[in-house]
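Copied from Swiss-Prot, the annotated features are:
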type	residues	note
BINDING	Gly67, Pro68, Glu69, Ser70, Ser71, Gly72, Lys73, Thr74	ATP binding site
Amino acid sequence: MAIDEDKQKAISLAIKQIDKVFGKGALVRLGDKQVEKIDSISTGSLGLDLALGIGGVPKGRIIEIYGPESSGKTTLSLHIIAECQKNGGVCAFIDAEHALDVHYAKRLGVDTENLLVSQPDTGEQALEILETITRSGGIDLVVVDSVAALTPKAEIDGDMGDQHVGLQARLMSHALRKITGVLHKMNTTLIFINQIRMKIGMMGYGSPETTTGGNALKFYASVRIDIRRIAALKQNEQHIGNRAKVKVVKNKVAPPFREAEFDIMFGEGISKEGEIIDYGVKLDIVDKSGAWLSYQDKKLGQGRENAKALLKEDKALANEIILKIKESIGSNEEIMPLPDEPLEEME
């Protein structure tokens with residue numbers, strides 16, 4: 001439907017005035033603006049990258065990763081840092097919990113020599129540092145670990161029994177209002193790690209769980225990832241890792257509610273090789289005959305752990321199977337669910 005000529009002139013004049021005051025591009029017609037592809041940073045997990053719909057977490061957006069204790073939240077975040085650094089990105093880690101294990105981060109592939117780290121004393125200090133480095137335009141990814149540890153200064157300075165109702169929620173709300181536009185402009189990804197709490201006096205329907213820091217983060221986050229430990233991985237009765245399940249509970253850049261599963265091995269992080277085997281078997285790319293696993297004419301090994309060890313050594317073969325998996329699934333198809341149980345018995 002054509003717009004009236006007088007209205008067109010009025011709108012054009014208004015756009016010129018806005019461009020003069022706020023800079024060119026402050027107000028544009030969507031039809032005149034080229035639609036940009038959403039860039040992403042890989043999570044280090046094949047299944048989660050596929051579940052997110054764009055190959056990883058979106059750049060220039062706020063991401064929330066939450067779950068129970070020891071579910072793999074920090075591990076997943078460190079993998080994202082490692083993937084960002086592999087592509088020349090500059091990353092920062094705001095360690096509000098004062099619990100960053102540098103040696104573990106290095107084992108996951110993080111370039112710790114070039115990782116910017118801050119261990120702030122208060123929530124205000126953490127968020128001021130976050131805003132300053134983001135506005136610099138030189139940062140590609142910032143991880144805040146965690147929202148629960150962003151303690152307001154008034155709470156730290158007060159006595160142990162003082163009540164500070166809603167103080168942290170107001171702090172988060174104020175910070176997110178200030179930082180969201182800057183993140184988009186600077187194309188900086190911000191990941192908040194968050195913890196779970198139980199709702200007080202929860203009765204009736206709905207989940208009794210909630211995340212810390214109020215509701216602002218739930219609204220401002222473009223992607224929210226729920227990660228849970230679902231099983232223990234054992235080899236010869238030795239506990240060697242955990243099986244994790246992730247659900248994309250909110251996604252503004254692709255369809256939400258997709259899920260993925262992967263192994264988190266102690267001291268090693270996410271097992272890409274385990275995902276290759278799981279998806280390969282599900283998609284009939286990897287053959288499973290009894291305990292033996294094979295790809296085309298090549299034997300991968302007897303049992304899942306042996307096959308994982310071979311793929312870990314043969315990177316070219318692993319990358320070849322990954323390519324086949326991505327081609328088989330296709331970028332526009334629903335993610336195929338993994339088997340209910342991994343290929344070897346777990347407790």
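Using N, Cα and C of the backbone, Cβ positions are placed for all residues, glycine too.
Counting only residues at least six positions away in the same chain, the Cβ atoms of Lys73, Ile196, Asp226, Ile227, Arg228 sit under 8 Å from the Cβ of Gly67 (ATP binding site). Surrounding the centroid of the Cβ atoms of Gly67, Pro68, Glu69, Ser70, Ser71, Gly72, Lys73, Thr74, where the record places ATP, the chain contributes additional residues within 8 Å, namely Ile227, Arg229. Ser70 (ATP binding site) counts 11 other C-beta atoms within 10 Å of its own C-beta, drawing on all protein chains shown. Spatially close to Pro68 (ATP binding site) yet at least six residues away along the chain are Ile196, Arg228, Arg229, judged by Cβ distances under 8 angstroms.
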